[in-house]
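Take a look at the structure below.
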Amino acid sequence: MTSEIRVTLTQFLIEARRHYPHATGEFNSLLLNVALVCKRIARKVAAGALHGAPGETRKKLDAVSNDMFIEGNNWGGNLAGMASEELAVPYQIPHCHPRGRYLLVFDPLDGSSNIDVNLSVGSIFSVLRAPDAARAVSEHDFLQPGVQQVAAGYAIYGPATMLVLSVGAGVHGFTLCPQMGEFMLTHPDLSIPPDTHEFAINASNSRFWEEPVKRYVNECMAGKTGRRGRDFNMRWIASMVAEAHRILMRGGVFLYPRDTKDAAMPGRVRLLYEANPIAFLVEQAGGRASTGRQPVMTVRPGALDQRTGLVFGSRNEVERIERYHHTAADDLPNPLFQERSLFRAPV
Ligand SMILES: O=P(O)(O)OC[C@H]1O[C@](O)(COP(=O)(O)O)[C@@H](O)[C@@H]1O
Ligand SMILES: [Mg+2]
Ligand SMILES: [Mg+2]
């Protein structure tokens, strides 16, 4: 009988630190604090409707998860501040605590509309450097483009709880062992295949999409009978963290593109809390993440709650969608083909 020896998240981080002789351990302790918070949230989520009165669950869990992130990362001495999708302004690490060198940015519960129906949700986080540890943090300190992230990850609370993490040297997946209460390395070196036959988009927004997105989706829908010459599958979970996880596991493309639904919002996904950390993971796994027009991690944020169009996943599909955005309107596909489309533009 063979017994498989598995590496814990702690062991993995200690090993990774050996490549950075000047590392103080602050960074690792920050990631371990985040992992601990995710374990606590996993327990709350797993309690389902037992957690509170019916209907209250979703709202409560967003707020409860946020409190857990704040409490769990307040004391480590490794942070200068935090920014949360659930807070209007950055959270200051109180003066009495030692202030650290990093900033933590998070969406404490993503896909929370799925809570009441017992589908997968998750927490998304991003780590940035704090510009000056000596002073209080301001909103401006967090407005760094995604390329400046030093780490990013998410926890997914699904049939199994997993933590998927990158510190800038590949993407690694850890599964929470219910017996030991430890995240164990189960999915080292995740890699997104460059091609896919699966796409994910909220098709109810199709009338608000821009032409390049309509073109791409029409071509996927046309399958074998269209210019792509092969069939595609469509998925939509309404939990970006779950879509990202599927794509990291087996490829695919996710689109929440810029659209005309709400003039005040150029897209649905939040740049700092959702798009940048997922983009960091996707690109570390060999995929691509874009606004449709430029790599999403090159966007300089103007506000904490900034929204963005987002397309990510298998590299060849994302590049195709970018090409469609850069292609002149008169190069659009055969109108005969558009006739057959479910999503053709009204005439
Ligand atoms: O299906 P919809 O309603 O268009 O929105 C789904 C999107 O909204 C989000 O759920 C927003 O996240 P929150 O649950 O953190 O607000 C994304 O995860 C997801 O992709
Ligand atoms: Mg979210
Ligand atoms: Mg959220």
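Including glycine, each Cβ sits where the backbone N, Cα and C put it.
What TrEMBL records for the Mg(2+) 1 site is Asp107, Leu109, and among Glu85, Glu86 the residue it adds there is Glu85.
Of the listed candidates (Glu274, Glu283, Glu317), TrEMBL assigns Glu274 to the same Mg(2+) 2 site as Asp107, Asp110. Ser113 (substrate binding site) is surrounded by 11 other CB atoms, counting those within 10 A of its CB over all protein chains shown.
Spatially close to Gly111 (substrate binding site) yet at least six residues away along the chain are Leu119, Ser120, Val121, Gly122, Ile237, Ala238, Ser239, Met240, Val241, Ala242, judged by Cβ distances under 8 angstroms.
In the vicinity of ligand 3, defined as a Cβ distance under 6 Å, the following of the binding-site residues Glu85, Leu109, Gly111, Glu274 are placed: Glu85, Leu109. Listed in chain order, the extra residues whose Cβ falls within 8 Å of the Cβ center of the substrate site residues Asp110, Gly111, Ser112, Ser113, Asn202 are Asn114, Val121, Ile237, Ala238, Ser239, Met240. When the domain 'Fructose-1-6-bisphosphatase class 1 C-terminal' (192-325) is classified with DSSP, helix, strand and coil residues number 60 helix, 27 strand, 47 coil. Highest local Cβ density among the binding-site residues Ser112, Asn202 belongs to Ser112, counted as other Cβ atoms within 10 Å over all protein chains shown.
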